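As structure tokens, the structure follows; a few thoughts come after it.
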Amino acid sequence: MTLPNRDSAVIWHPFTQMQTAPLPIPIVRGEGSLLFDASGRSFLDMISSWWVNLHGHSHPHIAQRVSEQLNTLEHVIFADFTHEPAVRLAERLLPLLPTNQRRVFYSDNGSTAVEVALKMAFQYWHNLGQPRRRVVAFEDAYHGDTFGAMAVGGRSAFTAPFVPFLFDVEYLPAPTPGREEAVLEQARHLFADDVAAFIFEPLVQGAGGMVMYEPEPIQALIRMARQHGALVIADEVMTGFGRTGKTFACHYLTEQPDLMCLSKGLTGGTMALSVTTCTAAIYEAFLSTDRYKTLFHGHSFTANPVACAASLASLDLLQKPETEQAIARIVQKHQTFADTLRQHPAVENVRQRGTILAFDLRVSGEGSSYFNSIRDVAYRYLLDRGILMRPLGNVLYLLPPYCTTNEQLDEAYSAILGLLDTL
Ligand SMILES: *Cc1c(COP(=O)(O)O)cnc(C)c1O
């Protein structure tokens, strides 16, 4: 039996309608921005394998550090024990973050990083003896697939079966260009002294369709939240580690968040790891001789040393001048291609933030949604030409690893233009 056939006998894939999905593609090897299947066919990974990969697949430096760590200490309980990779990573991460971030709490994926941030926020108010319950979030937000993370995400077809089980959240539309004033006006009515937290994806809402907005309106919203004492949570699970052209999207802002969630690119896309960081004020609200003020949260693999070693190796690479130059190069290439796209009649709403370029395929009648058939047509067309992209409904986007060469970018761009001409 072939691997895809064996797979289809035993595996249940994520975000996949198993009845109608084609057999999965067996990948045997990755190098740079390329993935290779069993027959030697290559795919250009223009979505960084679900937004996680920064420096290319199977990077030798990360492989080396992971291997060394595996041979030294693979894992140890993280309550009452510690280890060099976890401490070193926190020491290296904090100086890269907004200056008010003082503590690192480890977990192992973006959703749990969000869960931890929410629990820190709710318990912060609980510990202060001033419980607050209201949460403000953006429509179309995506913060993960666990229940708390789903609750603060936008309501959609994906969350429909679970809506009765999700806590209530109050929504604002994202302050996209042209909508800023209306959103701020709505926010003035929403924010009050009983809002516990305001959560958002800074500048780019990923899964919601690569929706982009400018720094100014989010700063105004953060200030408004602050006036009422609400804790501000920046979910940088997708935007972190250079995607937006700066190390973190929050670096575009002068207002600082109280809590941050990081994952995906944290290990360079090698392993599952995440962190939730917070200010001294939040951390201190949990310090007490009263044991009930403890943050009772943890996972078996909290601060896994191998994952921390992968992150340290990824940071080594991220902080190289060559990587900074590669990011600037991709930003430039995207800008030029964006200008070409803007001329195309099949395209609208071309937008870019750093290394992320997105646009909408013009759809007539059918309406835009994740389930739009144009999505499947586009996905197939590009895949058949060796380009891995995963349109979000009628939204096409490029989110490449930083090692992607100009030739590889050109290859992806020309496949996209080919697709557009068939529409
Ligand atoms: C992907 C994502 C998450 C969830 O991360 P997982 O590791 O998939 O659980 C949370 N927030 C944002 C902004 C994301 O893009």
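Just so it is clear, glycine is given a Cβ too, placed from its N, Cα and C backbone atoms.
For the substrate site, TrEMBL gives Tyr142, Lys264, Gly298, Arg390; the one candidate out of Trp12, Trp50 that the record lists there too is Trp50. Record check, TrEMBL: pyridoxal 5'-phosphate site residues include Gly110, Ser111, His299, Ser300, and the candidate from Asp37, Asp45, Asp235, Asp376 also listed there is Asp235. Among the binding-site residues Asp235, Gly298, Arg390, the residues whose Cβ sits under 6 Å from any atom of ligand 1 are Asp235. Only Gly110, of the binding-site residues Gly110, Asp235, His299, Ser300, have a C-alpha within 10 angstroms of the C-alpha of Lys264 (substrate binding site). Looking at Gly110, Gly298, the binding-site residues in this record, the fewest other C-beta atoms within 10 angstroms of the C-beta turn up around Gly298. Most Cβ neighbours within 10 Å, among the binding-site residues Ser111, Ser300: Ser111 holds that distinction in the structure as shown. Long-range Cβ proximity for Tyr142 (substrate binding site), meaning a same-chain Cβ under 8 A and a gap of 6 or more residues, is found for Gly153, Gly154, Glu201, Gln205, Gly206, Ala207, Gly208.
Other C-beta atoms found within 10 angstroms of the C-beta of Lys264 (substrate binding site) number 28, with every protein chain shown included.
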